[in-house]
Amino acid sequence: MKFTKMHGCGNDYVYVNCFNETIDDPGKVAKFVSDRHFGIGSDGMICICPSDKADFRMAMYNSDGSEGAMCGNGVRCIAKYVYDYGLTDKTTITIETKAGIKELKLTVEDGKVTWVRVDMGAPIMEASEIPAIYDELDEIIDQPVIVDGKEYKITCVSMGNPHGVVFVDSVDDLDLEKIGPKFENHAMFPDRVNTEFIEVIDENTLKMRVWERGAGETLACGTGACASAYAAYLNHKTGKKVLVHLTGGDLQIEYDEEKNTIFMTGPATKVFDGEIELP
Ligand SMILES: N[C@@H](CCC[C@H](N)C(=O)O)C(=O)O
């Protein structure tokens with residue numbers, strides 16, 4: 001199987017051009033290629049597919065083989081892939097995802113895409129749509145949750161995939177390997193959850209660490225940065241536009257209240273091309 005390893009702020013995936021490749025069991029292949037010792041090494045696998053509704057379609061799989069509905073860093077990298085490899089010459093493209101069709105605007109320098117702005121769509125707060133269960137609440141904003149014997153406050157947002165945003169004093173002090181899985185598999189999230197731990201630097205800046213559903217701690221999560229920026233705005237901690245410092249780089253996130261949509265702007269980077277024999 002031919003592939004391209006790419007990352008967005010260090011959130012790395014194996015990208016497969018499914019115009020040319022056919023994958024029978026993508027979950028199984030994702031698990032195999034993601035292994036950092038016996039595979040290629042990545043947070044998962046992303047298939048770039050034809051679409052009858054948009055310019056392209058994304059199918060994304062976490063490193064544990066589970067399918068994700070949306071991936072913010074992944075759609076930016078697909079934009080770079082399809083432009084740089086000549087699958088399109090458009091600098092505004094649409095990508096179909098399981099969370100709807102996203103529009104992306106590409107910045108091209110020296111013939112290559114460097115930067116991508118994505119219309120990520122509306123944040124969803126309805127608990128049943130996330131899905132998240134907390135007493136009879138329709139929206140879960142700044143609610144106490146006990147994890148590993150400690151009380152945290154959580155705000156739940158869907159960006160097409162489920163997020164729990166937790167504000168903490170310092171992200172560096174967290175033992176994510178210990179608490180991450182406990183949030184991910186908490187009884188309040190029937191489909192598990194991606195958890196963002198957020199330190200508010202000032203009204204324009206957040207610092208974030210993430211424990212991703214199906215992948216563990218990753219260096220960045222685009223949908224997570226959007227969910228966190230919206231949660232910070234809702235909780236009156238920031239304005240509508242913030243710079244999010246993630247472990248692997250920065251993302252600019254802006255909530256457009258009039259359109260009720262979130263714009264994410266960030267880099268997309270190719271690492272290398274390769275070919276792997278699948279078992
Ligand atoms: N890293 C992604 C999100 C990937 C999917 C997530 N782990 C899920 O299962 O919902 C991003 O950049 O948004």
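These residue numbers are counts, starting from 1, taken along the chain as shown.
Using N, Cα and C of the backbone, Cβ positions are placed for all residues, glycine too.
Taken verbatim from TrEMBL:
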BINDING   Asn11, Asn62, Gly72, Asn73, Asn161, Asn194, Glu212, Arg213, Gly222, Thr223  substrate binding site
ACT_SITE  Cys71  active site
ACT_SITE  Cys71  active site, proton donor
ACT_SITE  Cys221  active site, proton acceptor
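In the three-state DSSP classification, Cys71 (active site) falls within coil. For the recorded substrate site, residues Asn11, Asn62, Gly72, Asn73, Asn161, Asn194, Glu212, Arg213, Gly222, Thr223 set the reference point as the centre of their Cβ atoms, and the other residues of that chain within 8 Å of it by Cβ are Gly68, Met70, Cys71, Gly74, Val210, Ala215, Thr218, Cys221, Gly224. Least packed by the Cβ count within 10 Å, out of the binding-site residues Asn11, Asn161, is Asn161. Remark: Cys221 (active site, proton acceptor) has Asn11, Gly72, Asn73, Asn194, Glu196, Val210, Glu212, Leu246 as non-local neighbours, by Cβ distance under 8 Å and separation of at least 6 in sequence. Taking CA atoms as the reference points, Cys71 (active site) and Asn161 (substrate binding site) are 8 Å apart. For Gly222 (substrate binding site), the same-chain residues lying six or more positions away in sequence with a CB closer than 8 A to its CB are Gly8, Cys9, Asn11, Cys71, Gly72, Asn73, Gly74, Val75, Arg76, Val118, Met120, Leu251, Met264, Gly266. In the three-state DSSP reading, Glu212 (substrate binding site) counts as strand. According to DSSP, Gly222 (substrate binding site) sits within a helical segment.
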